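K.L.:
Got a structure here, written out as structure tokens. Questions coming.
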Amino acid sequence: MAIERTLSIIKPDGLKNHHIGEIISRFEKAGLTPVGIRLQQLSQKEAEGFYAVHSARGFFKDLVAFMTSGPVVVMALEGENAVLKNRDLMGATDPKKADKGTIRADFAQSIDANTVHGSDSLENAKNEIAYFFRETELQKY
Ligand code: GDP
Ligand code: MG
């Protein structure tokens, strides 16, 4: 299987509820290694730019407000089949519909405060990683 990179964000609720460690631990145990990592307060512009694909949706304002409500952790995760594996670990967008044992089922409160973001395709992963990280901020180990 191919080694891929994907972008993960631990959203503000994940930090406020002190789940950074548990979430990263799940990634590492599943073979997804953080090769870039930063704690960051997103500006309104950064959040709007990141979620531009959703700008016409009714929930866009709430999404941007939530994503700027506190700091986030942005990570580039590397591993076999990283894009899909991360999506599997995250669970469904709506935590009420997420499978037991997934991050969103275990930690998320609502469809807004759903604890994690993960790229949904390899192409989007490349663009999303480049949105947050320079190549020199990504490490090999
Ligand atoms: P994801 O890839 O599973 O994060 O879901 P999407 O890319 O479809 O949506 C991005 C984010 O927007 C989600 O993680 C949710 O926080 C939020 N979102 C998506 N759909 C809805 C919705 O129907 N209502 C609300 N309030 N938020 C939504
Ligand atoms: Mg998405």
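Note: Cβ is positioned from N, Cα and C throughout, glycine not excepted.
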K.L.:
May I ask you to find which of Arg5, Arg104 TrEMBL records for the ATP site already listed with Lys11, Phe59, Arg87, Thr93, Asn114?
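P.N.:
Among the candidates, TrEMBL records only Arg104 at this ATP site.
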K.L.:
What is the Cβ neighbour count of Asn114 (ATP binding site) at a 10 Å cut-off, with all protein chains included?
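P.N.:
I count 23 other Cβ atoms within 10 Å of it.
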K.L.:
Three states by DSSP: which one describes Arg104 (ATP binding site)?
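P.N.:
Arg104 (ATP binding site) sits in a helix per DSSP.
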K.L.:
Give me the long-range Cβ neighbours of His117 (active site, pros-phosphohistidine intermediate): same chain, 6+ apart, Cβ under 8 Å, in sequence order.
P.N.:
Leu7, Ser8, Ile9, Lys11
K.L.:
Within 10 Å of each Cβ, count the other Cβ atoms, then let me know which of the binding-site residues Lys11, Arg87, Arg104 comes out lowest.
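P.N.:
Lowest Cβ count within 10 Å among the binding-site residues (Lys11, Arg87, Arg104) is Arg87.
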K.L.:
Given the binding-site residues Lys11, Arg87, Thr93, Arg104, Asn114, return the subset with CB under 6 A from an atom of ligand 1, ordered by sequence, or none if empty.
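P.N.:
List returned for ligand 1: Thr93, Asn114.
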